[in-house]
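Scroll down for the structure; my scribbles are underneath it.
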Amino acid sequence: MTALNPVLFLLCGVSVSLSLKVVSKRGSVDGCTDWSVDYLKYRVLHGEPVRIKCALFYGYIRANYTQAQSIGLSLMWYRSSGLGHGDFEEPISFDGTRMSKEEDAIWFRPAELQDAGLYSCVLRNSTFCMKVSMTLLVADNDTAGCYNSKLRYTEKGELGKSKDISCPDIQDYVQPGEKPQITWYKECNVQQWRSSVLQTADLLAIQDVREDDIGNYTCELLFGGFLVRRTTYLSVTAPLTEEPPRILFPSENKLLAMDVQLGSMLNLTCRAFFGYSGDISPLVYWMKGEKFIEDMDQSRIRESEIKTVREHLGEQEVSITLTIDSLEEVDLGNYSCYAENGNGRRQANVQIGKRVELMYTVELAGGLGAILLLLALLLSVYKCYRIELLLCYRHHFGGEDTDGDNKEYDAYLSYSKVELDQWGQELQEEERFALEILPDVLEKHYGYKLFIPDRDLIPTSTYIEDVSRCVDMSKRLIIVLTPSYVLRRGWSIFELESRLRNSLVSGDIKVILIECADLRGVINYQEVEELKQSIKCLSVVHWNGPQSNKPGSRFWKQLRYTMPYRRPQQTITNHALDTSEPGPFADLQTVSAISMATATSAALAPAHPELRPSLRSSYRSHSLARQKHSHYRSYDYELPFTAGGTLPPQHTYCNLPLTLLNGQRPVNNKTLRQHSLDEHHGNNAMLPLLPRETSISSVIW
């Protein structure tokens, strides 16, 4: 009875163990109970010792190896020829050196790569049989490392809190009652640990975990001439949160309203932040009203998988997208995004409404864009070629200007003539333009009828009245602003007569101002600006030197635009206007700058004997001028000589100084003969002048 007690105890233990591990039990083969593969795996690096214990004595039966032997049970070891359980097994033959059997375990001193596989221990006698298998993994170190990443243990530490890292599975290498001598490494390197990291017999204690503590920690133990290493990977997380997740978009506290066009595709993305809450996965989902999206019948509406946008120390930002392929009326309404963890739930709402449809939006925008582009192009062309376009229109569709049909001339030409002492010199370019080129082109090429005072003025009354009458007979007033004209204040002629001044101010006559040079350096330039301000109907045209003489230049186009329209009577070739070249200006005569002075001198031919030599000399010079410049008309007056030294009252038109027009006489150094002449005729308004007076008189027309 006493001998049966151990057997009964073993059988009772087996029955209890069977009831406890019924889930893991694989079955019975040949009358032997097979517990398949034990969950505990033995992992070792190549060259390290390892001990594999029979798992039957550590959770499957309530007996140890000694008790099993005492009741006649024997323990046998097998190795599977394959990697899978149930493959052909063969008994292990122990050589007693590198591989040996010791009680309920087998030792490898050391383990080699070919030792990896399944090892089965079988406890049996003639009436009882039980079997279980264990797994052995043998691996080499990683390149340049002291561990293999597949054989690592893992631990987690919270930021700012303490963490203990143990040296696992070294019980078989330490004698009972002894403290193991362990050396710790981080990333296979010896460390100078900070003060908050402590080493004990089999622990590495970190008092305050930091982010830079993440890494591989290796403990090394010397056993029987062999090194035993265990490596643990420490990951650091944020402190365990006690807060519910936070929705980033849409806003939790504000309803997001969206107007969407029917038939269009809609994507709504919800983003949420989850603090570290252990190994619990974040939960985010969409609902419409009280319905989950997956419970809705429409296949057009779906939500994506939860995606991790970013993650740091266990804290995650995740997103989930709600997609509606083709929005319909039934899809309009309120949609809610929910995010929850073990600490609570948050939600954000989106209201989807119908957008007012804009028909042909793209076509309309494209059409408007094309129209605006065309308008901008047309405005640019008009701005750059405005004069050319207006002239072209006027040439093809316009009639001749009927404004001022009762006027005989198209324009009155006001200009400045050159002094007599400059007669033998080459005319300046501006004077040549004003006296030669401008009248010739306007009359011969464009067919305009100009009133040129040197040529067309017939004295009928006073000088100012004649000028006023001639200006009234013209549709335009052309003022050629040469430096000489500005210096002499040529516009004073039009300011002296009130009727002329009123015409300029009121706009009864249109004025064309031709600037022939940069006049800013001229002393009277400020008066020129005041003149421009006082004229109501004013057009300013700039002559830029010889380059403006070409018929196709912008100067002539602007001038034609400001002149009354008249169809041209003849054409000219397109080259620079130069009287030295044959062409339309080959017959151009040089304009005499002293024609009226010539007329005055001729009128004084029979004057006082004392004046006769100088007058005769002046007459000869003026005769030469008339021969050279026969283009202009001169006037001869026969004035009888009076013996008493006085001239009879004779109506004579002459060129007077502006000072005389203002009621003053010029003050200069005169001879006694000139003084006597002035005193004798001081009260005569219109007098013939001496040649010297003629040379310094006004030459403004």
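Think of each number as a place in line: the chain as shown, counted from 1.
Cβ atoms are placed via backbone N, Cα and C, with glycine included.
Looking at the candidates C219, C270, C470, Swiss-Prot gives C270 as the cysteine bonded to C337 by a disulfide. Among C121, C129, C146, the cysteine that Swiss-Prot records as disulfide-bonded to C54 is C121. Under DSSP, N216 (N-linked glycosylation site) is assigned to a strand (E or B) in the three-state scheme. C219 (disulfide bond) sits 31 Å from C121 (disulfide bond), taking the CA atoms of both as reference points. On the backbone, the CA of C167 (disulfide bond) and the CA of N216 (N-linked glycosylation site) stand 12 Å apart. Here the Cα atom of N141 (N-linked glycosylation site) is found 36 Å from that of N64 (N-linked glycosylation site). Cα spacing between N125 (N-linked glycosylation site) and N267 (N-linked glycosylation site): 71 Å, rounded to the nearest whole number. DSSP assigns C337 (disulfide bond) to a strand segment in the three-state reduction.
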